[in-house]
Amino acid sequence: MPIEEVCDSVSAEDDAKKGPDVPFLLEERVKEKVPWKEVLKKKVGKKCSCSSARVKALVIDSIPIVKWLPRYQFKDWIIGDAMSGLIVGILLVPQSIAYSLLAEQDPIYGLYTSFFASIIYTLLGTSRHISVGIFGVLCLLVGQVVDRELTLAGYPSDTNQTTLGNVDNSTGPICDRSCYAVMVAATLTFTAGVYQVGPSIKISLLPSEFLKYLNVLIALLGLQVLMGLLQVGFVSVYLSDSLLSGFATGASLTILTSQIKYFLGLHLPRVQGWGSLIKTWISLFKNLGHTNLCDLVTSVLCLLVLVPTKELNDRFKAKLKAPIPFELFVVIAATLASHFGQFEETYGSDVSGNIPTGFMPPQLPNWSLIPNIAVDAFSIAIVGFAITVSLSEMFAKKHGYMVDPNQEMYAIGFCNIIPSFFRCFTTSAALTKTLVKESTGCQTQISGLVTALVLLLVLLVIAPAFYSLQKCVLAVIIVVNLRGALRKFVDIPQMWRVNRLDTIIWLITMATSALVNTELGLLVGVLVSAFCVLGRTQSAQVRQLGQAGDRELFEDLASYKGLQSQAGVAVFQYEAPIYYANQALFKKSLYRNVGLDPLKEKARRRKLDKQRNPKQDGEDKKQEMDVSTNVYLLQLNSLHTLVIDCSPVLFLDTAGVNALKEVCKGYKELGVNVLLARCNTSVIDSLQRGGYYDQKKGIKDIQFHTLSDAISYAQSLKSQNGDCDTVV
């Protein structure tokens with residue numbers, strides 16, 4: 001840009017010498033503005049177009065198995081898939097039965113859930129290694145909702161009673177407590193699946209039911225569209241690893257607490273509401289006198305067997321081709337001991353009871369329950385999706401392939417929607433079984449089909465054999481599988497040394513999930529994480545930069561030695577966006593580091609001027625102000641230019657632009673030029689729209705792409721005319 005527009009007094013000879021000081025300008029591309037109606041028309045046309053190629057692509061994208069199955073390398077992969085599927089299936093049998101207890105369901109429904117989830121994810125999932133099925137945290141959340149709805153419906157807390165309640169069941173006549181518990185869990189699972197899948201699923205109702213449940217239908221369709229537009233994937237951005245880990249650990253403490261009553265053989269209702277963990281422990285201590293000694297002894301023996309054997313599996317997992325299924329051995333031994341020892345009849349132990357074989361006919365969810373459980377279903381959907389996507393991406397990176405987060409959302413959604421018609425409860429990926437699946441040679445999703453075959457064999461033939469299995473044994477299996485989450489307490493010192501902020505998020509999320517409310521813990525964790533990000537922008541500081549020799553390298557003067565600063569030019573950097581929440585902090589930090597606050601300086605001068613010459617007229621005041629300015633600048637080592645490095649400033653809002661305008665105006669009145677350097681295009685656009693550049697005086701926009709350009713330009717201005725107008 002010609003300097004004559006700024007300082008007309010500069011001679012032609014000087015102008016010839018200052019060529020290198022002219023800042024280098026990049027020519028901006030002219031962006032063609034397309035009317036929003038045309039953009040919308042193109043997008044709608046693209047989405048709504050129909051052709052054979054588009055239908056084929058849609059089918060392949062929606063059902064990934066169609067894409068990879070024809071390329072399946074049978075000889076190389078089938079052994080690994082078969083072994084991993086078999087091992088995971090064997091482990092899932094006792095765990096499926098055990099986690100049904102946590103979800104307030106009969107054992108058969110845990111087997112149903114694992115069976116259907118394994119098949120559906122094989123067809124729709126994009127991860128080759130994760131194991132989708134029952135997950136302890138989700139089972140806990142489902143169990144809490146089921147227990148609450150049972151209480152609201154008037155059912156007694158004792159699960160052995162079959163007193164009928166006054167229930168509006170759209171699928172049939174009035175049912176008992178177990179039937180209603182299944183109905184609540186299935187409806188909750190269906191609603192969570194709708195949240196996850198979004199608009200890809202269409203709900204079909206019978207004509208006679210349509211008018212009755214029209215409001216519910218409209219609400220669900222609205223939720224589908226909303227979640228589909230948002231793609232639910234946005235949530236994973238706010239669910240950091242520390243947050244999810246803290247939530248899982250807090251929920252694990254709640255799970256552990258909920259299983260102690262089965263350890264002791266106590267008949268206690270599940271505590272609802274905030275502080276349920278503390279209330280449950282109080283109730284346990286009050287009822288210790290009613291402990292069933294048979295259940296207590298069985299629990300201790302199972303713990304003594306499972307804890308060391310699990311540790312052995314973990315320690316020698318590198319040498320073992322497959323983990324030894326000690327859980328299954330314990331279940332078989334405990335079932336035989338309970339059956340032949342007649343623990344139920346002799347000692348009053350709680351047992352699993354009758355587990356039927358085969359499958360029940362499908363049934364529709366109870367639409368009238370959806371308004372009651374809609375909020376709970378949302379939190380369950382978010383947790384299930386976040387955990388599934390996190391594990392999918394983790395193992396995909398490890399093995400060098402890609403997963404589609406949106407397809408994972410649809411896959412886990414359909415793993416909930418379709419099984420909900422068969423009385424299943426919510427599923428997601430599970431870390432423990434995924435690790436087992438990976439370590440036993442899994443290559444593709446075919447291993448999920450092998451797992452489903454194992455579970456099918458149990459459902460059709462073996463299930464009734466678990467009639468005498470004590471519930472305390474199932475509780476021990478649940479607690480032993482919590483070891484990984486509970487070990488996080490040992491890692492707290494290391495976490496604190498690595499990152500204190502993440503540790504604080506972990507502790508707050510864990511404590512809230514455990515001591516207050518499980519679902520609330522997730523919300524609090526998200527809010528704390530958001531406030532921490534906001535706090536980082538609030539705690540950003542202005543740094544004064546110095547140059548390393550002749551290189552285009554500027555770093556913090558307080559952090560490195562040997563850096564040089566130019567006489568009369570100060571370079572500062574603010575390491576955060578400048579927006580409404582931190583614009584005041586930006587100005588305060590800048591003024592503090594420069595050592596000159598324009599507002600305070602002008603107030604100080606007015607006060608001194610009033611004290612010295614109370615009757616001085618306006619013209620004399622102006623002259624004295626100029627003298628005062630020159631004296632003050634001499635005291636500041638003749639500072640004449642302030643360069644602000646905007647490279648870390650990602651964006652500016654209106655308040656941020658106004659803050660820069662205020663800084664520029666304040667320093668201009670004191671005779672200090674303010675230059676902005678290394679602004680990105682977004683910041684430049686914000687400055688132009690916000691009226692930062694003064695067009696009335698004929699001063700063109702000057703963009704300094706390097707700090708060296710800005711410093712050279714500042715020095716040329718001072719050498720030519722120290723009183724020239726400030727350029728911003």
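Cβ atoms here come from the backbone N, Cα and C positions, even for glycine.
If you check TrEMBL, you get these features:
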- 610-624: compositional bias 'Basic and acidic residues' (COMPBIAS)
- 559-714: domain 'STAS' (DOMAIN)
- 603-624: region 'Disordered' (REGION)
- 77-102: transmembrane segment (TRANSMEM)
- 179-197: transmembrane segment (TRANSMEM)
- 217-239: transmembrane segment (TRANSMEM)
- 320-340: transmembrane segment (TRANSMEM)
- 369-389: transmembrane segment (TRANSMEM)
- 410-432: transmembrane segment (TRANSMEM)
- 452-482: transmembrane segment (TRANSMEM)
- 503-531: transmembrane segment (TRANSMEM)
For the transmembrane segment (179-197) and the transmembrane segment (452-482), check the count of CB pairs under 8 Å (sequence separation 6 or more) and say whether it reaches 3 or more. no
Per the 3+ Cβ pairs under 8 Å rule, pairs at least 6 apart in sequence, do the transmembrane segment (369-389) and the transmembrane segment (503-531) touch? yes
Answer key: the stretch among 77-102, 320-340, 410-432, 503-531 with most Cβ pairs under 8 A to the transmembrane segment (452-482) is 77-102
Outside the transmembrane segment (503-531), at least 6 residues beyond either end, the same-chain residues with a Cβ under 8 Å of its Cβ set are 137, 140-141, 144, 238-240, 242-243, 245-247, 249-251, 253-254, 273-278, 376, 379, 382-383, 488, 492, 495-496
